[in-house]
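Engineer: The structure under discussion is supplied below as structure tokens; questions concerning it will follow.
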Amino acid sequence: MASDAAAEPSSGVTHPPRYVIGYALAPKKQQSFIQPSLVAQAASRGMDLVPVDASQPLAEQGPFHLLIHKLYGDDWRAQLVAFAARHPAVPIVDPPHAIDRLHNRISMLQVVSELDHAADQDSTFGIPSQVVVYDAAALADFGLLAALRFPLIAKPLVADGTAKSHKMSLVYHREGLGKLRPPLVLQEFVNHGGVIFKVYVVGGHVTCVKRRSLPDVSPEDDASAQGSVSFSQVSNLPTERTAEEYYGEKSLEDAVVPPAAFINQIAGGLRRALGLQLFNFDMIRDVRAGDRYLVIDINYFPGYAKMPGYETVLTDFFWEMVHKDGVGNQQEEKGANHVVVK
């Protein structure tokens, strides 16, 4: 349970308790996440969002009733340990050791393979075939890549949120491997109709939104393409076809969202396995098997401001965290988890 609310004033007048939500975020993250609309909605529920002063020891700040963060480094980890020792009743979202698993693109997706599949679901899920490459010499190892089919997506092994970790390449042929800089992950590119499903998880709440993604690669594209093409996001790959030409063929609105129970199954399984409250995952539908879905990425504390109605969802989450041990436990037991599709 979070620490007690501030004491009532000595005048004897009863005021509703207020709770302090401390946030430790990088400037860019703070600018995108701490919107006036979120601050106002939290305040209307008796919760004040207060920034952590990174220049001062964390353990000496507060009092906080909940701490959310997305900072990294040994010093910050040590500060969290000191804070937890001094304020053991204050929830910290999320534990650094749990976040660490998402910094490696192999361990990140390995957890998906470990999830149980519900017997009553027609749809199935998994991850694309992939291998990790630690050095340039391995790129010439035909045996290592024998199990993969081109084209491939090359992603940096480390996923720490930096610009470098977002730099990816679509590799059409083996010749394109020479431009890559290990360590990296080579993942089979799977045609998915140019649509990606972004699933946001906030405690027990799940929201799925549709976004445009990489265009499918046809045999003609594959034969005429250069060795590799670099890009930073799955939604901005350069292509000779204009957006109107490609997306005129396949409408985002026509894409069918996976069943809510299916999405909730994966989201809940990941939440329990990862031990995280704030994350999202990207999922695609394999066009070769319409009821087969592949999780291709998992991100900690994503850009929630892009999620419809994020202010209400996050405010509810904060409220639950300061009022009971472990947000979402009661929800899952009562089957109150739900998926909002946008």
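Cβ coordinates are placed from backbone N, Cα and C, and glycine is handled just like the others.
The shown structure was predicted, so the numbers you read here are calculated from the model rather than taken from an experiment.
Here's the feature list from Swiss-Prot:
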BINDING   LYS28, LYS70, GLY161, HIS166, LYS198, TYR200, ASN280, ASN299, GLY303, LYS306  1D-myo-inositol 6-phosphate binding site
BINDING   ARG105, LYS155, HIS166, GLN187, VAL190, SER213, ILE296, ASP297, ASN299  ATP binding site
DOMAIN    116-332  domain 'ATP-grasp'
REGION    219-247  region 'Catalytic specificity elements (CSE)'
BINDING   ASP282, ASP297  Mg(2+) 1 binding site
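Relative to the rest of the structure, where do these features sit?
Structural biologist: A coil conformation is recorded for GLY303 (1D-myo-inositol 6-phosphate binding site) in the three-state DSSP classification, outside any helix or strand. A C-beta separation below 8 Å, combined with a sequence spacing of at least six in one chain, links GLY303 (1D-myo-inositol 6-phosphate binding site) to SER32, PHE33.
A C-beta separation below 8 Å, combined with a sequence spacing of at least six in one chain, links ILE296 (ATP binding site) to LEU109, ILE127, PRO128, GLN187, ILE196, ASP282, MET283, ILE284. A strand conformation is recorded for ILE296 (ATP binding site) in the three-state DSSP classification.
Counted within 10 Å of its Cβ, the other Cβ atoms near ASP297 (Mg(2+) 1 binding site) come to 20, all protein chains included.
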Engineer: Given the binding-site residues LYS28, LYS198, ASN280, ASP297, which one's Cα is the least distant from that of HIS166 (ATP binding site)?
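Structural biologist: Comparing Cα positions, the closest of these binding-site residues turns out to be ASP297.
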Engineer: Starting from ASN280 (1D-myo-inositol 6-phosphate binding site), work out which of the binding-site residues listed here (ARG105, VAL190, ASP297, ASN299) have their Cα within 10 Å, and give them in sequence order.
Structural biologist: ASP297, ASN299
Engineer: Consider each pair of residues in LYS28, LYS70, GLY161, HIS166, LYS198, TYR200, ASN280, ASN299, GLY303, LYS306, all listed by the record as binding 1D-myo-inositol 6-phosphate, and report the largest Cα separation in Å as a whole number.
Structural biologist: 21
Engineer: Here the binding-site residues are LYS28, ARG105, HIS166; which one has the lowest number of other Cβ atoms no more than 10 Å from its Cβ?
Structural biologist: LYS28
Engineer: When a 10 Å sphere is centred on the Cβ of LYS198 (1D-myo-inositol 6-phosphate binding site), how many other Cβ atoms does it contain?
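Structural biologist: Around LYS198 (1D-myo-inositol 6-phosphate binding site), other Cβ atoms within 10 Å: 21.
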